[in-house]
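So that you can see what the record holds, here are the features copied from TrEMBL:
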type    : residues               : note
DOMAIN  : 9-125                  : domain 'MTTase N-terminal'
BINDING : CYS18, CYS54, CYS88    : [4Fe-4S] cluster 1 binding site
DOMAIN  : 145-379                : domain 'Radical SAM core'
BINDING : CYS159, CYS163, CYS166 : [4Fe-4S] cluster 2 binding site
DOMAIN  : 379-441                : domain 'TRAM'
Amino acid sequence: MTDHSAAPKKLFIKTYGCQMNVYDSQRMAEAMGSEGYVLTENQAEADMVLLNTCHIREKAAEKLYSDLGRLKPLKAERPDLKIGVAGCVAQAEGEEIQRRMPLVDLVVGPQAYHRLPAMVRAGGGVDTEFPTEDKFEHLPKAAATRRAPAAFLTVQEGCDKFCAFCVVPYTRGAEVSRPASRILSEARDLVSRGVREITLLGQNVNGWHGEAPQGGEWGFGRLIRAIAEIDGLDRIRYTTSHPNDMADDLIDAHRDEPKLMPYLHLPVQSGSNRILKAMNRKHTVAEYLRLIERIREARPDILLTSDFIVGFPGETDQDHADTLDLVRRVGFGTAFSFKYSPRPGTPAYDRPLIDDAVADARLQELQALLSAQQKAAQESMVGRELSVLFEKPGRLEGQMVGKSDYLHAVFVAAPQARVGDLVRVRITHSAPNSLAGELLAA
Ligand code: SAH
Ligand code: SF4
Ligand code: F3S
């Protein structure tokens, strides 16, 4: 049994990478709560430091080692400080991490973190198994504390797509969809704790297909409709989607389901058919554009966002021009763009790289176009009446900040308002990464 009579031990978690890691960090914090740990924001006073890592690009993975280096003096001063590495670097590098950095006490992969409490009790270890049980069902349940108004909920994990550049199929394993009944009960629990907006998470979230509550199978569109029936839940979002998994039922849900927000992150990576093929993306530019057209027919005001990789092996000036052309044709609300980073163990790893300076120049050109589109999309919101869910106080006295339907951050003067209020706002101003608005009468 855990001894709760002692002063609580303090856990510091640093999260890198995607939203799934953010969700995982929260679940690990809750699990460690049952071991008598409380979260701290201050690394210097922690009894345990947990780094929840990302392996997607080389720079992301290397951050782990620079952070571990910075922990050396703290560990030297307090040898009982426990240091854990979780997440995708833990999965990819396992014991190698401890060999390179002996100060690390434990290494736990993303599919094994329900075993984290036991590892901590045992004083350390390495666990990068892909167990068959559902880790979410084996994680200690959190105390029924109040939650922030917007929450993540992982419904699907892993990836079977094997894009030639990507580590995710190796770090997260095969695609697994959680059963609908577990997702629905987790969603109801979140709502009972004050959550009004849920973002459904998965590496291929729209590929979710799971056991229906009464038996049989549901697709992702059906799941969204079931979640939308929960009273007290106002908004549903999901990320990240693959173009090939955008089923008709899901597109229909964007037309029919008012709680489903008009926002879709749909990575395309490149606007060149040759490069898409080399990336093993399994769709063409024309197919992507046609898909966008159908989504916009269903929900004309939808804000689309995407991911791009520039400088993939073999990319020519023409391929790059084709990517810019696709961006101009679609018009994105915002997008992430990255310079290709070769990852060990992926099919593209050994392919000859293009000239680095050329890749840098292309990235700059793409980013300039994307920021112009982001600016235009934000400015098109000025004058519109939108709903905003307040998530926290703003920097100024009496100010609140929250997200619009289109996921823009909106600052509003609202001295009477509280976090968790869903209000109507007229957008008055567009700043580089946010909007400002004024409260409308309810
Ligand atoms: N599951 C999502 C994205 C996963 S990773 C999808 O299917 O698109 C998030 C983004 O990181 C990717 O969309 C891609 O743009 C980028 N990325 C992944 N591997 C990369 C690599 N080796 N180099 C550069 N960017 C990469
Ligand atoms: Fe990676 Fe491709 Fe899977 Fe996305 S779909 S996680 S980019 S392999
Ligand atoms: Fe990174 Fe793993 Fe997410 S590699 S992007 S933390 S799935």
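Here the Cβ of each residue, glycine as well, is placed from N, Cα and C on the backbone.
Just so you know, TrEMBL annotations never went through curation; they're auto-generated.
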Original post:
Given CYS163 ([4Fe-4S] cluster 2 binding site) and CYS54 ([4Fe-4S] cluster 1 binding site), what distance in Å do their CA atoms have, once rounded to a whole number?
Top reply: 17
Original post:
Using the Cβ centroid of CYS159, CYS163, CYS166 as the reference point for the [4Fe-4S] cluster 2 site, which residues of the same chain not in that list have Cβ within 8 Å?
Top reply: LYS161, PHE162, PHE165, VAL167, VAL168, PRO169, GLN203
Subject >> Number of Cβ atoms other than its own within 10 Å, given for CYS18 ([4Fe-4S] cluster 1 binding site) >> reply: 19
**OP:** Reduce the DSSP letter at CYS18 ([4Fe-4S] cluster 1 binding site) to three states and note it down.
**Re:** coil
Original post:
Is CYS88 ([4Fe-4S] cluster 1 binding site) helix, strand or coil when read with DSSP?
Top reply: helix
Original post:
ligand 3 is in the model; which of the binding-site residues CYS18, CYS54, CYS88, CYS159, CYS163, CYS166 have a C-beta less than 6 angstroms from one of its atoms?
Top reply: CYS18, CYS54, CYS88
Original post:
In angstrom units, rounded to an integer, how far apart are the Cα atoms of CYS54 ([4Fe-4S] cluster 1 binding site) and CYS166 ([4Fe-4S] cluster 2 binding site)?
Top reply: 12
Original post:
In Å, rounded, how far does the Cα of CYS88 ([4Fe-4S] cluster 1 binding site) sit from the Cα of CYS166 ([4Fe-4S] cluster 2 binding site)?
Top reply: 12
Original post:
Other residues with Cβ within 8 Å of the Cβ centroid of CYS18, CYS54, CYS88 at the [4Fe-4S] cluster 1 site?
Top reply: TYR16, GLY17, MET20, ASN21, THR53, HIS55, ILE56, ALA60, GLY87, THR171
Subject >> Candidates near ligand 2 among the binding-site residues CYS18, CYS54, CYS88, judged by a Cβ under 6 angstroms >> reply: none
Original post:
Counting across all protein chains shown, how many other Cβ atoms sit within 10 Å of the Cβ of CYS163 ([4Fe-4S] cluster 2 binding site)?
Top reply: 21
**OP:** List the same-chain residues at least 6 positions away in sequence whose Cβ sits under 8 Å from the Cβ of CYS159 ([4Fe-4S] cluster 2 binding site), in sequence order, or say none.
**Re:** CYS166, VAL168, PRO169, ARG172, ALA174, GLU175, GLN203, ASN204
Subject >> binding-site residues: CYS54, CYS88 - member with fewest neighbouring CB atoms within 10 Å >> reply: CYS54
**OP:** Taking ligand 1 as the reference, state which of the binding-site residues CYS54, CYS88, CYS163, CYS166 have a Cβ closer than 6 Å to one of its atoms.
**Re:** CYS166
